[in-house]
């Protein structure tokens, strides 16, 4: 159990951000009928929304972006719903439960990428793009190579996330509902395909909004009940937690989870720039009507997420007090029933009884569905819009493109289910770290420099992007997580767990060097086109709005 918790602590920063990979062995719980009934209510309601959305999806624009008619407030809630995962809720509260103050550092660390998105990316992305971030990256560069690179970066990130999500979903549902792992994986896969296949972005958006509201309500109620228990005094909360925790006052000391400054910096950069390169997050900015609404989306999303991560800190300390000190929630060996990831779930039972426990369990499942739906749509659009319609079959009709997108949804769903079953007993937490590293090292540098650096050329973007992607993958394989823990070697060739510091540096240097040394006529033409792109990115002139978006 100690080794499982150590692995969780090491991999949680990435896992908690967007994947629901619950690492290590799980203990199957008795069938929770309250949770199953509440979850069925959620499923019926969201399938009703999907049916409603399917009647309104008439074009490619409706399918990919909900017609561009989502408001900034709605999109902010949907982004929060896409970003706040079950592992954010269960994982960070478990981290606070075991390590105290360090959990707050990690939970707030997930917000550091959002100012970059707010100030540098959101408005220009919305003004330049239509459906995917590849629209922006290829605006003045060579369409074919850039779209292939962007689509590959997106698909690798989506695939890694989906596997982690499916395995995490199976284990989590086994924990919370007492359902069989394979049934859980198939259920998530089928529902995910139904949401995206029939409802497109409109259904996905409303599933994410509903999930965000339910999660924020549930976490708020738990935090309120914890604070009520201590007379709404943080001093009492921390004092009581220190009094019952095995580590005592040490739970208030920071710095126990990252081994050295290089690891801390690499982790921070990966979180910060990886967030700004996630395809399913970037895609959400095309669902609003203009750049102003895109900016408002980030403002609202950051507020909702900041509030949520503060709540997880209170929930974690509440669990120390009300769960950790209560033998009712321990097994014969003195360990928490179901493992430390169940700390928040046990707290739900402690503060709200069996009915609220069922509600929180259902919300955790709803959370997974909202995240995988967004991932699937991002992956499908990369194939149908970036590869099929703009590379392999230029001039394809909307109907053909939508057909390819829906076929891709089915293929992604089936692959996700199969891999979820195959990876049942594997350590998949590294996949989330790798996905973040690739988003930070391949997607983010190309998006940023295509919008801000006038001297960028196709050659530089291609060389730097591929170098960043390959470096992230190779260093992750040679690092301690895969080389030692999974492959069983005695010592890692690359000593750090997080490769982002090195792979991001390689990507930016590669883009700069190969662009600066590009003296071709094509490169000169691409540099000249920057001024027109800059004007469009600032003014939005030429951007179709509303349903014509």
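Think of each number as a place in line: the chain as shown, counted from 1.
Cβ from N, Cα, C; glycine included.
The topological domain 'Periplasmic' annotation in Swiss-Prot covers 1-32, 99-102, 169-182, 326-358, 485-493 (among others). Taken from Swiss-Prot, the feature topological domain 'Cytoplasmic' applies to 56-75, 126-145, 206-211, 284-302, 382-401, 451-461, 517-549. What Swiss-Prot records for 76-98, 103-125, 146-168, 183-205, 212-234, 261-283, 303-325, 359-381, 402-424, 428-450, 462-484, 494-516 (among others) is transmembrane segment.
Across the candidate stretches 146-168, 261-283, 303-325, 359-381, the maximum count of CB pairs under 8 A to the transmembrane segment (76-98) is reached by 303-325.
Looking at the topological domain 'Periplasmic' (485-493) alone, the prediction's average pLDDT is 86. Long-range contacts of the transmembrane segment (261-283) within the same chain: residues 13-14, 17-18, 64, 79, 82-83, 109-110, 112-114, 116-117, 120-121, 125, 131-133, 153-154, 157-158, 161, 201, 374-375, 377-379, 381-382, 433, 435-437, 439-440, 442-444, 447-448, 496-502, 504, each at least 6 residues beyond the stretch ends and with a Cβ under 8 Å from a Cβ of the stretch. Using DSSP to sort the residues of the topological domain 'Cytoplasmic' (451-461) gives these counts of helix, strand and coil: 6 helix, 0 strand, 5 coil.
Here the listed stretches are 146-168, 402-424, 428-450, 494-516, and the one with the most C-beta pairs under 8 angstroms to the transmembrane segment (359-381) is 146-168. Helix, strand and coil content of the topological domain 'Cytoplasmic' (284-302), in residues and according to DSSP, is 16 helix, 0 strand, 3 coil.
Count of Cβ pairs under 8 Å against the transmembrane segment (103-125): among 146-168, 183-205, 402-424, 428-450, the largest is for 428-450. When Cβ-Cβ distances below 8 Å are used as the criterion, the topological domain 'Cytoplasmic' (284-302) is approached by residues 64-66, 68-73, 75-80, 82-83, 111, 114-115, 117-118, 122-127, 129-132, 201, 205, 374, 540, 543, 545-546, 549 of the same chain, each at least six residues removed from its ends.
The largest share of C-beta pairs under 8 angstroms with the transmembrane segment (428-450) comes from 146-168, of the ranges 146-168, 183-205, 462-484, 494-516. Cβ atoms under 8 Å from those of the transmembrane segment (183-205) belong to residues 43, 46-47, 49-51, 53-54, 56-57, 62-67, 70, 74-75, 78, 165-167, 169-170, 172-174, 177, 283, 287, 368-370, 372-374, 376-377, 380, 406, 409-410, 413-414, 416-417, 420-421 of the same chain, restricted to positions at least 6 beyond its ends. With a threshold of 8 Å between CB atoms, the same-chain residues lying at least 6 positions outside the topological domain 'Cytoplasmic' (382-401) that come near it are 59-60, 64, 131-132, 134, 138, 143-144, 147-148, 150-151, 154-155, 158, 279, 408.
Panel annotation: around the topological domain 'Cytoplasmic' (206-211), residues 42, 45-46, 49-50, 53, 74, 77-79, 81-82, 195, 363, 366-367, 369-370, 373-374 of the same chain, lying at least six beyond its termini, place a Cβ under 8 Å from a Cβ of the stretch. Sequence-distant contacts of the topological domain 'Periplasmic' (99-102), counting only residues of its own chain at least 6 positions beyond either end whose CB sits under 8 Å from a CB of the stretch, comprise 9, 241, 245, 247, 250-257, 316-317, 320. Within the topological domain 'Periplasmic' (169-182), the DSSP-based counts of helix, strand and coil residues read 10 helix, 0 strand, 4 coil.
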